[in-house]
Amino acid sequence: MPALIECRDLVKTYTMGDQVVHALNGVSLDIEAGEYVAIMGTSGSGKSTLMNLLGALDQPSSGELRIAGENVRALGPDAVSRFRNRTIGFVFQQFNLLPRTSAVENAGLPLIYSGLPHGERVARAMKRLQQVGLGDRTDHHPAQLSGGQQQRVAIARALVNDPKILLADEPTGALDTKTSEDIMAIFDQLNREGITVILVTHEQEVADHARRQIVFRDGVIVEDRS
Amino acid sequence: MNAFASLRVALTALRINALRSALAMLGVIIGVASVIVLVSISEGTKQAVEAQIASFGANLLIIRPGSSTFGGRRGGAGSADPLTDGDVLAIREEVAGLSGVSGEVSASTTLVFGGINWTSRIQGVNPDYFTARGWIIDEGRAFSGAEDIAGRRYVLVGQTIIEELFDGANPIGQSIRIGAQPFEVIGTLAAKGESSWGQDQDDVVFAPLSTVRQRFGAGMSVTVRDAVSTIYADIAPGESTSRVIADIEDLLRIRRDIQPGAEDDFAVGSLAEFIRARNETESQLGLLLAVGAGIVLLVGGIGIMNIMLVSVTERTREIGLRLAVGARRADVRNQFLIESIVLCVIGGLAGLVVGVGGTLIYAEVGQLEIAIDPVIVAIAIGASAFVGVFFGLYPAHRASRLNPIDALRFE
Ligand SMILES: Nc1ncnc2c1ncn2[C@@H]1O[C@H](COP(=O)(O)OP(=O)(O)OP(=O)(O)O)[C@@H](O)[C@H]1O
Ligand SMILES: [Mg+2]
């Protein structure tokens, strides 16, 4: 059986004027279903670039990428949106919640694009908010929530579509140590339940939650240990 | 994502930015309101003019000797030969497409009934006169052609005469004295009200033409014994006004022995055309104002586009997020397009309320005619929806073309 994620010689280059930046310079990597992976490395080493490719938010300049059996490079923009909607859950460093919108509406957002009716969206979003410990804050707007609570809403949103893969780019980067531990406890629990979790972090304590650690430097993998 | 869900998303976004939404609508509100006010007023004026024309007789031609007073046509000197009963007869017999022809003479006189005097003009006319001039017999009857020729002392009276002389009582069958001679009232005429220049159109007394000529000497001179001051000709429905006018002119030129190349010494005018011509400038002004209002609506649309572009830029991260969690390009485009349409249609409805309100106030304060046409209202609302689509399309398209990564990273 093939791996859940298969990367072969992934290259991503950015051209700024006459300057070419190799954000990824030939990355080959397999991640199996149910793994818990932390990606580390210095700033600018290409971690976010890889995450965007793994999340089908961006396309590689060259190389092969199969996610859950799908050749992502071959998909058009709408098909890729659909793919993200069904397969991927994202958690961002800056939470990216809709302002002046309740927690339950924020958490249910992806389901709008799955075509679910309002009632079912609310029911599923409520369930996920309870799972991340926010069952009593469902009507709160982001501005009425702490940073840790906002990130929990974002996690509930990432989970609401029952994704195969949960991607988190520095999910604790904007949080204090105590709150970070709470968030990591949620990721640990989700991985125990069978979801593949891939996260980017600068902090060793956070990375230690994962069973596999991959280190980047200058767009290539320099270390991959389990 | 279905249309209902899109509408929901759009409405939520508009509610979240309520103040900005309201400001964006302002241009459309003003545009639609001014379209409705201006069109209603100019439409009202037009209808008032048509009503005025109808009260004169909608297809009426007026034929007079001498200098033309209608349509800017120049006639001969004022001392031209008068028109006669013979001309009336000739026009009636020889010109096709007329439903009635009548001569008219008149004399100033005093009416007496009981102890009451009333000074008015008595008009001598042929029976065709009443339909030609748009008079409706209220009670009683008109006189016949035979009674006209026989010179019977019958009169038909207008509502003002009934008020002044009979104190509002039914005058049919009553005998009144006109210039010391007894006349029998055989008919009354339905009210026409004031003319647009404030003349009382109901202060009228009509008698057979030959009666007025014989009894009051109207239209008689040493040389001519059967003159009429004016001939009225009523064009039958569907007939060409210009053709009928040309036929009458040809006939009268022959009868009056006018050499080819010489100018007419009489004038044939269409009152309806005269009044329409006089009001043309007014209705053109109305059109101009409506165009102006359309431009305001256009400016309103540009305002909507501006706000939508600002909104797209401001919500770039939101768009990125929606794309990241599964929105298709069409979903994003529809969201912004629906926002724009909803903005414009709500603006249009508000403009409708303001416009109709403004029109009613104008009618009340200005004592002027208005006409609120449901078609115009529908067009105004349709136009605002169109403005929403037209000016929303570009911002919506721009939003849908964003790349999720760049949009999410947007500061
Ligand atoms: N849109 C872009 N245009 C041009 N260059 C880019 C773009 N995105 C990333 N890069 C460049 O690619 C390289 C890798 O960036 P990336 O964001 O993947 O780094 P990172 O490892 O996530 O760093 P950090 O830890 O600071 O988040 C950097 O040199 C960056 O400047
Ligand atoms: Mg990064």
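Each Cβ is built from the backbone N, Cα and C atoms, and glycine gets one as well.
Not measured: the values here are computed from a predicted model.
TrEMBL has this to say about the protein:
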| type | residues | note |
| --- | --- | --- |
| TRANSMEM | B:21-41 | transmembrane segment |
| DOMAIN | B:21-250 | domain 'MacB-like periplasmic core' |
| TRANSMEM | B:285-312 | transmembrane segment |
| DOMAIN | B:292-404 | domain 'ABC3 transporter permease C-terminal' |
| TRANSMEM | B:336-363 | transmembrane segment |
| TRANSMEM | B:375-394 | transmembrane segment |
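Packing against the transmembrane segment (B:375-394) from elsewhere in the chain are residues 28, 31-32, 35-36, 39-40, 43, 297-298, 300-302, 304-305, 308-309, 336-337, 339-345, 347-349, 351-352, 355-356: each is 6 or more residues past its ends and has a CB under 8 Å from a CB in it. Mean per-residue pLDDT, taken over the domain 'ABC3 transporter permease C-terminal' (B:292-404), amounts to 87. As a summary of secondary structure, the domain 'ABC3 transporter permease C-terminal' (B:292-404) carries 98 helix, 0 strand, 15 coil according to DSSP.
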